[in-house]
Amino acid sequence: MNTCTTIRNNWQLDEILELFNTPFNDLILRSHLTHRQFFNNNEIQLAALLNIKTGGCPENCRYCSQSAHYKTDLQKEALLDVENIKKAIQTAKNSGADRFCFAAAWRQLRDKDIEYICNIINLIKSEKLESCASLGMITLDQAKKLKNAGLDFYNHNIDTSRDFYSNVTTTRNYDDRLASLNNIYEAGINICSGGILGLGESIEDRAKMLLTLANLKEHPRSVPINRLVPIKGTPFENNIKVDNIDFIKTIAVTRILMPKSYVRLAAGRKDMSEEMQALCLFAGANSIFYGEKLLTTPNSNCDDDKNLLSKLGIKTKEPVLLNSQN
């Protein structure tokens, strides 16, 4: 097996489908060896995530409890005040997180909220943590302002393939997502972008989603892979759970396509066994969301995470990507 990996932005769909069809042991061995070329194989990034504005989103994403289009048990909440955000940042740091992400249930970032967002970025940077914002669609001018405030990453997931996208939402289109990703890139902010498995997509849709990400001008520095958490009241509440092996294979393919990216286990990890998480980490995942709540869905218990990482001999990393693409 050739273990020398070249960074590419010219992947073809048939190549990625071939990876998905590779026998499991061969695939995760290749992805593991790829991972070792670019990362400490026994190191992981812990990312905390805070919802600064909950519910009432005008988008109709069919998986989301925060959409105003569906009747879920979620209670709508206004923007958090800065003091509560400051406490959350300090709590995350004290718990061992080296990256702090914050999100708002908005269609797009509004100019009137820029100062408020920049204040949050300053609070995160004052604690010497990596910062990541997920605030919806963003213009180039807005992205430049967040870059100047010190933002390290901007999250903007593409969710699935272009072909399947209209089955997920109809209030925006795929090109809207890609335009925002380009604005983030042009502003010099590191891109965080991934997808969700379990929306009803095919293996080919997963391959096409990863193809889009891997063939961007520059690979996202962070790629969150979510497993759908079905929410009662949403159109996807009865979706079939993604097969565990299929999920692990997607992690492996992601690592092979984007060798230098942080591959993050995101939503749905609470229902994964220790053995499944261990295989995901072996296959190339090297970041997890840390904390007992992930936006509006439950996450793994912090003590359980610490225990698992200890058993695996995995240590946490120090923040290094401070407002830089290098």
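Each Cβ is built from the backbone N, Cα and C atoms, and glycine gets one as well.
On a predicted model such as this, the values are computed, not experimentally measured, just so you know.
According to Swiss-Prot, the feature domain 'Radical SAM core' maps to 42-266, an assignment based on sequence analysis. Marked as [4Fe-4S] cluster binding site by Swiss-Prot on the basis of sequence analysis: CYS57, CYS61, CYS64. Positions annotated as [2Fe-2S] cluster binding site by Swiss-Prot: CYS101, CYS132, CYS192, ARG264.
Features recorded in Swiss-Prot, as mapped to the structure shown.
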residue: CYS57; record: [4Fe-4S] cluster binding site; Cβ within 10 Å: 21
residue: CYS61; record: [4Fe-4S] cluster binding site; Cβ within 10 Å: 22
residue: CYS64; record: [4Fe-4S] cluster binding site; Cβ within 10 Å: 25
residue: CYS101; record: [2Fe-2S] cluster binding site; Cβ within 10 Å: 27
residue: CYS132; record: [2Fe-2S] cluster binding site; Cβ within 10 Å: 26
residue: CYS192; record: [2Fe-2S] cluster binding site; Cβ within 10 Å: 27
residue: ARG264; record: [2Fe-2S] cluster binding site; Cβ within 10 Å: 26
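If you take the Cα of CYS101 ([2Fe-2S] cluster binding site) and the Cα of CYS57 ([4Fe-4S] cluster binding site), they are about 19 angstrom apart, rounded to a whole number. Sitting within 8 Å of the Cβ centre of CYS57, CYS61, CYS64, and not among those site residues for [4Fe-4S] cluster, are the Cβ atoms of GLU59, ASN60, TYR63, SER65, GLN66, SER67, HIS69, ALA105, THR169.
Put simply, of the binding-site residues CYS132, CYS192, ARG264, the one whose Cα is nearest the Cα of CYS61 ([4Fe-4S] cluster binding site) is CYS192.
Reported as a whole number, the C-alpha separation between CYS192 ([2Fe-2S] cluster binding site) and CYS64 ([4Fe-4S] cluster binding site) equals 19 Å. Apart from CYS101, CYS132, CYS192, ARG264, the residues listed for [2Fe-2S] cluster, the same chain places the Cβ atoms of ALA47, LEU49, ARG99, SER134, PHE153, ASN155, SER222, PRO224 within 8 Å of the centroid of those Cβ atoms.
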